[in-house]
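Visitor: My questions all concern the structure below.
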Amino acid sequence: MNRFIMANSQQCLGCHACEIACVMAHNDEQHVLSQHHFHPRITVIKHQQQRSAVTCHHCEDAPCARSCPNGAISHVDDSIQVNQQKCIGCKSCVVACPFGTMQIVLTPVAAGKVKATAHKCDLCAGRENGPACVENCPADALQLVTDVALSGMAKSRRLRTARQEHQPWHASTAAQEMPVMSKVEQMQATPARGEPDKLAIEARKTGFDEIYLPFRADQAQREASRCLKCGEHSVCEWTCPLHNHIPQWIELVKAGNIDAAVELSHQTNTLPEITGRVCPQDRLCEGACTIRDEHGAVTIGNIERYISDQALAKGWRPDLSHVTKVDKRVAIIGAGPAGLACADVLTRNGVGVTVYDRHPEIGGLLTFGIPSFKLDKSLLARRREIFSAMGIHFELNCEVGKDVSLDSLLEQYDAVFVGVGTYRSMKAGLPNEDAPGVYDALPFLIANTKQVMGLEELPEEPFINTAGLNVVVLGGGDTAMDCVRTALRHGASNVTCAYRRDEANMPGSKKEVKNAREEGANFEFNVQPVALELNEQGHVCGIRFLRTRLGEPDAQGRRRPVPVEGSEFVMPADAVIMAFGFNPHGMPWLESHGVTVDKWGRIIADVESQYRYQTTNPKIFAGGDAVRGADLVVTAMAEGRHAAQGIIDWLGVKSVKSH
């Protein structure tokens, strides 16, 4: 009889641990580098309250094997296996499989060419501990069924039938025999999500202190106790771009072991006290949490913040006494999240690092783009002290291409990493968008942060005082919310956020929208700006809008806004802030050294190249927003860490694996 994996739907949590274990088992027990390679051979199905996992049944008279015209699918060692060399990707097996468990996977084999092959459960053939999905299911909902196991199952059921154990009078006895709660019962008994406390609303409206108060110990314990620990490598870990060991450090919080938790946190994350505050967890780890739909996700971000804040306040610092210095030096251009992450990993591998940045403090947009009410700037100052103690050297107020040349860096250092972010505001091409009273989001936020920090403003980034003004912010992302909430704190008489789609389709965090509303912001949805209106002095006085409805989805699956004919109106405004996103700024000093950029100005570098994130100049690596375009802090850090590994491999340094 062929062996197969059987799922117990009554025990299944729907946690996806089996999928992640499957993919890692076929990738040397490592996470794949991108979502494009995430092809589990087992699939979790959720429908209403039903949850189960589906995979190949290894049929005795397998339709996939019978349908294969090239003999690529056959019986091997009590299972049905695919011979990848024989497979021609004809899809006959996909059509023939009655359970829908066959896939065709495309694998790059040469420039512009791919090989299509059939993909199915192989029972982890050759794996010492057997099928990874069975080993890693936290609810024991999966088992490998053999002929012996099947016979034993049938015998057990016959005995239960003979004893009439399914009759009502046996129910109380059965309950007494099962004192240990199953994972499903634990999930059903999970208390509701607990949110962190906030500053009083009046204090929020007039000040720039962080609005979220840190978790108390009892709050952290309560939230940690809600985690089901869905497998060794859980879905929250996979959906985090850094692949943080989330359930493991939550377990350590439950045990009261903050020192071990912070060490584990720093194995994958350079700035956990930052990501705990500014990550959009609702779109990443918390959005994937197994208990999200029933009880609300575990507040992972607040636990992460709690771990770091507690440990750093107690004086925890990274121990690099075991690191052996190597005779290699790397220059990093940009002290933002990508650059700092790259510097961190290189330093932990003994490489000498100098970071160059044009700003007076490290952090890039963490420091100067994100307002203080979301991220206390003292955190970055403390982190600079930590990095400096680790041996990282900083050259601040130093702009590459102006104060120091790339030529000199290439001459002095063994490699260069470029993590400069994106600073050029996207324009909408509206009439009069360069008129007085119209501001780009980033210079507005940078000048505000410098004013709060007591730093000197620059002529090209003057402080904009919105006190008493009627302000309209165009855009629907987190940057737009930052502008809205900043203008309110400076005493604007009225602040409106205008967005061309509906609220459900806003790209920004729901949490940020909620906070903006609480602080007094107004929202105008389904409106598209067509022109900026000027008064007799040439100053902006309003915005001409068209109302919109949602049409067909675009390439990203978001429904396009379609203007409604005859719906034009003018919204009065004393100041307009345009928050449409960012593009990479020009870097002629980089392109002149053979570094290729795409038509949008993004540096061409890939995590899947021979050396991760190596550019077309082999001595120069790049990552973060300069490569992918404006994105999240956590994705920039992930790319900086990957690039550091690429540099280590290219330099021939013996790598110290962090996880």
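Along the chain as shown, the residues are counted starting at 1.
Using N, Cα and C of the backbone, Cβ positions are placed for all residues, glycine too.
The following feature annotations were taken from Swiss-Prot:
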type	residues	note
BINDING	Cys12, Cys15, Cys18, Cys137	[4Fe-4S] cluster 1 binding site
BINDING	Cys22, Cys121, Cys124, Cys133	[4Fe-4S] cluster 2 binding site
BINDING	Cys56, Cys59, Cys64, Cys97	[4Fe-4S] cluster 3 binding site
BINDING	Cys68, Cys87, Cys90, Cys93	[4Fe-4S] cluster 4 binding site
BINDING	Cys227, Cys230, Cys236, Cys240	[4Fe-4S] cluster 5 binding site
DOMAIN	3-22	domain '4Fe-4S ferredoxin-type 1'
DOMAIN	47-77	domain '4Fe-4S ferredoxin-type 2'
DOMAIN	78-107	domain '4Fe-4S ferredoxin-type 3'
DOMAIN	218-252	domain '4Fe-4S ferredoxin-type 5'
Visitor: Under DSSP, the domain '4Fe-4S ferredoxin-type 3' (78-107) has how many residues in helix, strand and coil?
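Guide: Once the DSSP states are binned, the domain '4Fe-4S ferredoxin-type 3' (78-107) shows 5 helix, 8 strand, 17 coil.
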Visitor: Can you tell which of Cys56, Cys93, Cys133, Cys137 has the least company, meaning the fewest other C-beta atoms within 10 angstroms of its C-beta, among these binding-site residues?
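Guide: Comparing Cβ neighbours within 10 Å for the binding-site residues Cys56, Cys93, Cys133, Cys137, Cys56 has the fewest.
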Visitor: Are there residues at least 6 beyond the ends of the domain '4Fe-4S ferredoxin-type 1' (3-22) whose Cβ is under 8 Å from a Cβ of it, and what are they?
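Guide: Beyond its ends, the domain '4Fe-4S ferredoxin-type 1' (3-22) has Cβ neighbours at 40-44, 46, 50-58, 78-79, 121, 123-124, 131-146, 182-184, 187, 228, 230-235, 237-238, 288, 290.
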Visitor: Express the distance between the Cα positions of Cys137 ([4Fe-4S] cluster 1 binding site) and Cys236 ([4Fe-4S] cluster 5 binding site) as a whole number of Å.
Guide: 15
Visitor: May I ask for the distance between Cys97 ([4Fe-4S] cluster 3 binding site) and Cys15 ([4Fe-4S] cluster 1 binding site), taken between their Cα atoms and rounded to an integer number of Å?
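Guide: Computed Cα spacing between Cys97 ([4Fe-4S] cluster 3 binding site) and Cys15 ([4Fe-4S] cluster 1 binding site) is 25 Å.
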Visitor: Give me the long-range Cβ neighbours of Cys15 ([4Fe-4S] cluster 1 binding site): same chain, 6+ apart, Cβ under 8 Å, in sequence order.
Guide: Val44, Pro138, Ala139, Leu228, Cys230, Gly231, Ser234, Val235, Thr290
Visitor: Quick one: pull the CA-CA distance for Cys18 ([4Fe-4S] cluster 1 binding site) versus Cys133 ([4Fe-4S] cluster 2 binding site), whole Å only.
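Guide: Counting only the Cα atoms, the answer is 4 Å.
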Visitor: Across the domain '4Fe-4S ferredoxin-type 3' (78-107), what is the average pLDDT of the model, as a whole number?
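Guide: Its mean pLDDT is 95.
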Visitor: What number of additional C-beta atoms lies within 10 angstroms of the C-beta atom of Cys22 ([4Fe-4S] cluster 2 binding site)?
Guide: 25
Visitor: Which has the fewest other Cβ atoms within 10 Å: Cys59, Cys236, the binding-site residues listed?
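Guide: It is Cys59 that, of the binding-site residues Cys59, Cys236, has the fewest other Cβ atoms within 10 Å.
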Visitor: Please report the DSSP secondary structure of Cys236 ([4Fe-4S] cluster 5 binding site), reduced to three states.
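Guide: It is helical.
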Visitor: Provide the three-state secondary structure of Cys22 ([4Fe-4S] cluster 2 binding site) computed with DSSP.
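Guide: It is helical.
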Visitor: If one measures from the C-alpha of Cys68 ([4Fe-4S] cluster 4 binding site) to the C-alpha of Cys59 ([4Fe-4S] cluster 3 binding site), what distance in angstrom results, rounded to a whole number?
Guide: 14
Visitor: Return the member of Cys12, Cys22, Cys87, Cys121, Cys133 nearest to Cys227 ([4Fe-4S] cluster 5 binding site) in space, with distance defined Cα to Cα and candidates limited to these binding-site residues.
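Guide: Ranked by Cα distance from Cys227 ([4Fe-4S] cluster 5 binding site), first place goes to Cys12.
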